[in-house]
Amino acid sequence: MGLEGRETAGQPRVTLLPTPNGSGLSQEFESHWPEIPDRSPCVAGVIPVIYYSVLLGLGLPVSLLTAVALGRLATRTRKPSYYYLLALTASDIIIQVVIVFAGFLLQGALLARQVPQVVVRMANILEFAANHASVWIAILLTVDRYTALCHPLHHRAASSPGRTRRAIAAVLSAALLTGIPFYWWLDVWRDADSPSTLDEVLKWAHFLTVYFIPCGVFLVTNSAIIHRLRRRGQSGLQPQVGKSTAILLGITTLFTLLWAPRVFVMLYHMYVAPVHRDWRVHLALDVANMVAMLNTAVNFGLYCFVSKTFWVTVRQVIHDAYLPCTLAPQPEGMAAKPVMEPPGLPKGAEV
């Protein structure tokens, strides 16, 4: 999503302009953009590159393992919550590939931002669409859990795998469409001291769609869920917190905490001190981006901690993947017996 902070200390003096800082088209789009004078130094050095490399190297395999396990659980149980978690994991995988790998590591560290601007703009659409999809699917999961706890009869009548898949497809389509306007996103490294109207509108649209509005939904629905559980406890019923509800509370809490630094640093950049003028804001944004991207890799640990069923399924997936590697190859001309022969049966008899 144009997550800023991709420059390293060895950035060349001339770079390509990712997007113009204005609402109108001009010939400057195809020209080189000179380096902004008095640019704040990148005091983080190579630490972000190392961090994102580790995050991608560990987070992507874990996310793929999570997706396989959730796919098995969704197929086996046909519960809407597993479909939502599977879609959420798929969105996180896209974020890791498009933003962490293609954005931070490939474009920022390896190519030093020497990338044609049309490629950067198209990548912006995918980055923002992936972020919108991840957050909005979490909203679907929140609404599903709220309906299941507060309106159980309606949830049983309306819930079905087909309806869940249609809701996910609608959210993914909406996420892709809402990512198109961010083709004209200008990252903070090219902001003027007074951002253009288009630039400010896009940044506020970003804040509202991926943080403030979703956090408002999370706050309202999670408060209603907790209030419902407390009422059950006061009425003498044991307020059991289901695993899906516990996972929901964990996902929304982690998202709110991990994304808060980035949003507030961006606001500080817009209205107090630009990133490219103050090394402290520069460093704060680097750290905030690293913390925000951690959100794509922590859900696996949460699922394993809360759900024994998920952990058992993960072990089965690993066992199934490891088993073919441990089978010794058969010599040519010899065929393995398809089944075992229990003791006591004549030689050659099979069950």
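In case you wondered, yes, glycine gets a Cβ from its N, Cα and C as well.
Any TrEMBL annotation is an automated prediction that lacks curation.
Database features, via TrEMBL:
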- 62-303: domain 'G-protein coupled receptors family 1 profile' (DOMAIN)
- 1-26: region 'Disordered' (REGION)
- 49-70: transmembrane segment (TRANSMEM)
- 82-105: transmembrane segment (TRANSMEM)
- 125-146: transmembrane segment (TRANSMEM)
- 167-184: transmembrane segment (TRANSMEM)
- 204-225: transmembrane segment (TRANSMEM)
- 246-271: transmembrane segment (TRANSMEM)
- 283-306: transmembrane segment (TRANSMEM)
Positions whose Cβ lies under 8 angstroms from the transmembrane segment (246-271), at least six residues beyond its ends: 3, 81, 85, 88, 135, 138, 141-142, 145, 188, 191, 195, 200, 203, 207, 210-212, 214-215, 218, 222, 225, 281, 284-285, 287-289, 291-292, 294-295, 298-299, 302-303, 306-307
Region pair the transmembrane segment (283-306) / the transmembrane segment (167-184), three or more CB pairs under 8 Å: no
